[in-house]
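**Q** Got a structure here, written out as structure tokens. Questions coming.
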Amino acid sequence: MNFKNINKCQLDWLFSTNHKDIGTLYLIFSAFAGIVGTTLSLLIRMELAQPGNQIFMGNHQLYNVVVTAHAFIMVFFLVMPALIGGFGNWFVPLMIGAPDMAFPRMNNISFWLLPPALLLLVSSAIVESGAGTGWTVYPPLSSVQAHSGPSVDLAIFSLHLTGISSLLGAINFISTIYNMRAPGLSFHRLPLFVWSVLITAFLLLLTLPVLAGAITMLLTDRNLNTSFYDPSGGGDPVLYQHLFWFFGHPEVYILILPAFGIISQVAAAFAKKNVFGYLGMVYAMLSIGLLGCIVWAHHMFTVGLDVDTRAYFSAATMIIAVPTGIKIFSWLATLWGGSLKFETPLLFVLGFILLFVVGGVTGVAMSNSGLDIAIHDTYYIVGHFHYVLSMGAVFGIFTGFYFWIGKISGRKYPEILGQIHFWLFFIGVNITFFPMHFLGLAGMPRRIPDFPDAMSGWNAVSSFGSYISFFSALFFFYIVYVTLVYGKKTEN
């Protein structure tokens, strides 16, 4: 190949095996994906701002395509690349005293699988009538009868690519943390962020192959006349749900665990002392990872599970609240009595703890199978998981950004602007997602672009909140610009 005409700098980025460069690429990529995903969420809230058809002109399929793309982009192209690929690549080698990751070239391909995956996902949304299946891609809605055309197939290939990317990354992190620690750095002395990435990597390694199998069988059902999920050929759509949620539930812990790690690091740094109950924190994360793999059917209380099965999954789900509670109170105990300077990272830590508790409490409510049957597939669930994602994982990303941007870029962020961003985002997401619990209890179903007039009040409030948080996202990019262009250089 003739590379003479291509800028050398561009090639350095393309072929880089340096963990910091790759971490930076991940962070930039996730920021772009975040813009797309946030814009899609704004479209959803504009449609739901008032009853009747607003911007999708009664096209329910298009609405569901937007919902599906929003979910996939936020989960697989914003949160995972930022927390695991971005901060994980940047700081795990530094925290364990390793010169780089164990497999630097594999690290490079892990990142470069993501842009084509995003391209495939966007393609799936814009060809024919799009993939309007929801991020769960349940058959028979995702079958070839209900979703003809290439859209769902493209979405499946996109998932395969992100899955391979995450799998390679997980192998890389496990090898790095096992084999490349500095002499004397035992497992019981690892920083909590490193622990969180290690546990996340094991969860990915355990669950992603199951997802790959599930969606590959869906692919053959659609194109090669198999009937894994088709009752007319002796298959069962509930099998898909079991396989999907065996991945899907650990996935939400994959999203939140690295955020737990960041929150632990930042809380300890601002309290100027060690994390309270270090070993308890480690074993709490291990327990969350283990329990997260044996509670998947709590997503399926409405498919007609046996009563004993429902009892088990309810009980097991509630037990996850115990290690989570240990972490919450250990963070509070870490901050307790510290001489706290209320700078932006600490504000995000406090916001994280407060809102994660709200998200956790609604989660415990939903673990009751009897209650869940009433609120399943309503906005109560949307409210719950956006509290733990939009205010758990994303607050974790912002915490890491404000805490580490000096180390990443060598420049200081403007403190006053950071605090304005925190308050804008904090107020915006709460106004957006708190009313959803009321709407869910009133029976407003998910994935439907219209609703009864009686629910217009809280929907208007929710949409107003989303405009605030959308503005705060734009403001955040202004802060990034100011930091990189005009930011004061850090001391060392």
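Please read every residue number as a count from 1 along the shown chain.
Glycine residues also receive a Cβ, built from the backbone N, Cα and C atoms like all the rest.
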**Q** Looking at Swiss-Prot, which one out of PRO449, PRO452 binds Ca(2+) in the same site as GLU47, GLY52?
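**A** Answer per Swiss-Prot: PRO449.
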**Q** Output the single range from 109-129, 154-174, 192-212, 318-338, 346-366 maximising the number of Cβ pairs under 8 Å to the transmembrane segment (24-44).
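**A** Counting Cβ pairs under 8 Å, the winner is 109-129.
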**Q** Of the listed stretches (72-92, 154-174, 243-263, 346-366, 385-405), which one yields the highest count of Cβ-Cβ distances below 8 Å with the transmembrane segment (422-442)?
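**A** So the stretch in question is 385-405.
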**Q** Who are the long-range neighbours of the transmembrane segment (467-487) in its own chain, taking Cβ under 8 Å and residues 6 or more past its ends?
**A** 31, 34-35, 38, 41-42, 45, 398, 405, 409, 411-414, 417-418, 420-421, 424-425, 427-429, 431-432
**Q** So which of 72-92, 243-263, 318-338 is most in touch with the transmembrane segment (154-174), counting Cβ pairs under 8 Å?
**A** 72-92
**Q** If you measure from the Cα of HIS298 (Cu cation binding site), which of the binding-site residues HIS70, TYR253, ASP377 is the nearest?
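**A** That would be ASP377, the closest of HIS70, TYR253, ASP377 to HIS298 (Cu cation binding site).
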**Q** Six or more residues out from either end of the transmembrane segment (318-338), which same-chain residues have a Cβ under 8 Å from its Cβ atoms?
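**A** Hits for the transmembrane segment (318-338): 260, 263-264, 267-268, 270-277, 280-281, 283-285, 287-288, 291-292, 295, 349-350, 353, 356-357, 360, 363-364, 367.
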